[in-house]
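Undergrad: I'd like to ask you about the structure that follows.
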């Protein structure tokens, strides 16, 4: 398209004289000149020849141009452009173009021209411009307060609608591919964000409008030469608002769908998308519609472009179907729609040929017949009727009806007409369906309309569609010109300046040419369409005759049917060949009748029957007239609203980012009316500067203008008068200059600056000359000084050489004498050293041999003693296992008999199975302990062997005279080692045999425990004998010390113990026989259940005492073993004999266990038979109950007895639970009171010797007596324990404060839990109650003191738990301890010592314990609460600082706006002081509550990180913050923060290091000499932390605010730009802003390591608890 640049230039500067313009251009001036490729190019004037100038362009070439056609360039224009082009110093075409290009290069795609927004399509995603935070930022802000954005236009329209009650409209225009649709979506999103939404069938109105776009794009968009997704229709979206400003409804209006594209497509364009989507549908859909390759269809293969690059038509088909579901189109309707689309494709493949009998037409071949039949099936109409409607016409006359056959060409035209009218009706139906689905609000008060319409079009071939599109743009341009003119006049009125009427180009004559009635082009076209014989040639001739004298209408020279109209954007030539056909808006009667009679309701609905009056009427209807009416309605709507304009620009035709084609953009600006708006502005006062900006730039012309006066208006007036300018105007806030006056002022300014530069050069050259003279004089003086010094140094060197020779002679003589003496002395010393070394080596060898012999003896004796003890201990355990098996059999039998009728048998069985599992886990634990002991022994043997090898290595180095003696010693030692090795191997084999036998016996005992019952009397006797045997074994070991002759007696006693084991096994067998005999009598023991349970409780105490006695004996044995080293060697020689005796008894025990297993099977069978008998009895009882009322009463009584028994059993279970708790408390007291228990970590009460000597009956009586006496004590102890817990919880709910800087509450809780042994309990509720107390205490998150107080308590308590508790070894969780009487009895015979001392200062008496599940769970919950409270304190601090940071940022902006006025610095730093005060308040609170130092440092570190993120993001996102003054302001604030960190170094730690991003950014902003920066210095030394995207953003946003600071060099910005593009491609478009981390930055180990040296000595518990006698242990 050819546009006249000269004509446009005249429009821009209509009132500027060439003389004034030429006079302002001189050598050295920067100007813009025309360029054939770049449109405009800048350069410097190097020569002026009258009216011509020679310019050295920045591209390197020289151009000679007319001075009248050159425009001045602003040398002080910002590198990244200005956001409002009315602020340009030179408002002309090249200035506007350069400003847009500069902003586009830094991804600033939006620019204002007054209140018009220009949007340049970036062809890439810029996510940081459109998120929710950006919407919130523009909310309520005035136009121009923030960077240009569509959100600002939408916000202004919404605010104006709310405040003034006037409907608004936003006109989005631009050529295809300029981004109109995306801009419309952004506007819709923001209006939805502001106005909310009302729901319609689960989706908001604006959502449905947005989601209708895919449907309309599929049926209304197509690929054109300029755009792959060009909208071929206009769209006006009305958003309706209620009185409250909420969206209540919407409507979509469409204009001028390009129907002709259905049948005619030019290469390389495409038809509408829906056709290709349907051809790419799934196979079942294509088969249903009988479709295939799109190249086989006539309507699609007219162009070679079938597939779009990067577009998957099959996926788009699925998305379109989904979008149709969203907007409310049912599946049946979707199927009908695509059937209609498929029918159109098949219609296009119908070809016609002549019939054999004349000129009539018919389908050409079978293929055409197939498509005809398919079309009829898809449209659900008669095939013959469809053929007749295409090949014939019916003419109705007054007398008859005549049927006329059409020739093949007319039939093809009829076919295409049918396809176009079907598609047009289908598109209208879709629009109506979407509007009905969205819904409209009839009570709406206001609306905001968004117009997305095609821009001005001029192609090689322009038809009727381009004619209508350009008419629309002419109408909108007139509306736009009137609005811009109005805004210009309002600006002058607002500034109160004198102004005269400004003429603007009115295109009313073009509109009259096109639409005037009568006599316009559209009227003539309608007239030609009404005459049947009219053709496009006759229509063109009519136009030539009618408008031959019209200045806007011309006839092309090389065309006989075309015509040219001179539009506002340029001349366009239209071809009239298809004007008549495309203008006709009627349906062929045959087509109407055919489709109205379709069996498909959807198709018949598209063509409803016409009213009789309408069918008889002959009134003509045309597309042009209907479109003119729609356009008039649109303009009336726009006139009734307040318009806002967005002009979209496509920077290049390649549709790629970072390419800006000047010529292409300039054409679009002219077509969009932007240049016309600038021309209107230039017609008045194009240059407008605020007083402050004007004085800043031109105060060098009159430095004394401001002297004695602070009035800016007066100063500006003096300055302009001195410059001798005429015609300017001074408004209220701005200076208004005529076109060209700015250039004149710049010329005078450059002259003044040139004179000043000459003076500076003169002074500087004088300074350089004087400096050179002084340098030469100083050089001469220095040369003289050096010469004189050289002479003096030579004289001194001669004298020094003489003195040195004398000294050398003296030293040489002394050296010879000293060397002779030294040689003699060293010889004597060497001889003495050799003699003394030989004597010392002899002594060392003797001592080593003695020490090695002693070590071997010590290890051997220790091993033998340990081996003897282990053998005795194994025998004792074998006896214990047999006794426990017998006791388990008796107890199990009694419990099952007692529960026979009540159903408790099954429950007891389950409990016993659980107890067996517990025993199994405990046996496994003992096995692991034995393995550890074995490993320790192997380690000792390895040590002995290593010692032997070491001795061998030492002996090899001795002298030759000692070789024989060493060899004899070595032989002896090897024999001893072999002997020890044989003994160890023998012992291992014996221990393995004993261990295997014990494992076999244990497995058999565990299987027998499922069915056995315990007989308590026999248990007492067996336990007493076991205790006696254990005491005898202990006495034997004690008497073994130093008595060699008693070894035989000890061995005999061991053999006696083995005999007793065999005797006990036989007794167990007898007890089993008795149990079998007692089975038939089990029914008689039901009434004695309570008595037996009572006896069990009495026996429990006895078992506990016996358990402690056995443990005491074992401890005493362990204490005496170290003293038996001398006798242990001899005992070890006899032990194998004793072990052999014990091993001899093992087979006998195996046979007995086999017998017991068989008896167990019999017992199981008897129990099963008893259960069956119980079931039979219950059945008989039910039958008897139905027969007799008396039996019914007896049954009821029996049932009540059963209930009583169950109640009693439940009470007994509670008693057993209480006994378990009491037993645990007694164990704790025994551990505290008994010295042996303290040493070993287990309960070892001392057994009285007299009691051991009593007979079994007397011991049983004494045990029962003690149990009766202690029962009441146990109950009261449990109650007191509960009361103590309640007292503790009640106490800690108060603020107990701190003692010695430690939290009293945490220390008190810890001491109580340790004292009560709560960590070792399997079941306790004290931990749950503590967690509830902490949770309720921190419910008020706003209470800072409470939060910090509990942060200290929970962290200290967690530290104490971490140092005290340890998980069970070898597994995450140990098996639970037994809680029943039987479990405690069987476990009491084991000893387990794994405690280690705790190393916490002030708590040395507390031991480390193995935590059970409740304690471990409490520790995890406490950890979670520490993290939660920490997060609350941190987030509260951030919330408190956030508004203060916002105030700092706002203060920096206000400081920029008022930079010209004097302001108080204290008011600006007050915001930073508020932040300091907030930090001091938080620090004071944490100091008062003694928060651990590591937590304090972590909190301040995260707070400073938050400050870093907020300030740094504000620098990147707000241009007004990225200035020198703002950098100084932030730098002052950072200095305040650094001073605070220095004062609070202990608590702040390295928090200030978190501000590295802000520090480096501010360092760049306040740098004065930025022009000297290089890329390496910027990225490696000054700002190493900042990424290339962040540096590029700051360098492009930086602006000089009168500080005199320079900008970053362009080459550095170019390098950063290249890296930014690469980084954005690699990172996938990630944002360059920083994110705030909200995680927990510490672990339990961090807290523990920081509190490692904490001393709890002197910490006083709560005074309230100290007064309670139950808490006396707190005073310890």
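Including glycine, each Cβ sits where the backbone N, Cα and C put it.
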Undergrad: Quick test of your reading of TrEMBL: among 562-584, 585-607, 608-630, 631-653, where does it put region 'Actin-binding'?
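TA: Among 562-584, 585-607, 608-630, 631-653, the range TrEMBL annotates as region 'Actin-binding' is 631-653.
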Undergrad: State the count of C-beta atoms found within 10 angstroms of the C-beta of residue 175 (ATP binding site), not counting that atom itself.
TA: 22
Undergrad: Specify the count of other C-beta atoms within 10 Å of the C-beta of residue 180 (ATP binding site).
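TA: A 10 Å sphere around the Cβ of residue 180 (ATP binding site) contains 26 other Cβ atoms.
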Undergrad: Inside 10 Å of the Cβ of residue 174 (ATP binding site), count up the other Cβ atoms and send me the figure.
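TA: There are 26 such Cβ atoms around residue 174 (ATP binding site).
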Undergrad: Would you mind listing, in sequence order, the residues at least six apart from residue 177 (ATP binding site) in the same chain with a Cβ closer than 8 Å to its Cβ?
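TA: When sequence neighbours closer than 6 are ignored, residue 177 (ATP binding site) has 121, 226, 227, 230, 650, 655 within Cβ distance under 8 Å.
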Undergrad: Measuring CB to CB from residue 178 (ATP binding site), give everything in the same chain under 8 Å that is also at least six residues away in sequence.
TA: 119, 121, 455, 648, 649, 650, 668
Undergrad: Can you name the residues of this chain that are 6 or more positions from residue 181 (ATP binding site) yet have a C-beta less than 8 Å from its C-beta?
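TA: Spatial neighbours, sequence-distant, of residue 181 (ATP binding site): 213, 229, 231, 452.
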Undergrad: Taking the Cβ of residue 176 (ATP binding site) as the centre, count every other Cβ atom within 10 Å, in any protein chain shown.
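TA: 20, counting other Cβ atoms within 10 Å of residue 176 (ATP binding site).
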Undergrad: Per DSSP, what is the residue count of the region 'Actin-binding' (631-653) in each of helix, strand and coil?
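TA: Within the region 'Actin-binding' (631-653) the tally stands at 9 helix, 8 strand, 6 coil.
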Undergrad: Across the coiled coil (895-997), what is the average pLDDT of the model, as a whole number?
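TA: In the predicted model, the coiled coil (895-997) has a mean pLDDT of 66.
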Undergrad: Applying the rule Cβ within 8 Å of the centroid of the Cβ atoms of 174, 175, 176, 177, 178, 179, 180, 181, what extra residues of the same chain belong around the ATP site?
TA: 121, 227, 455, 648, 650
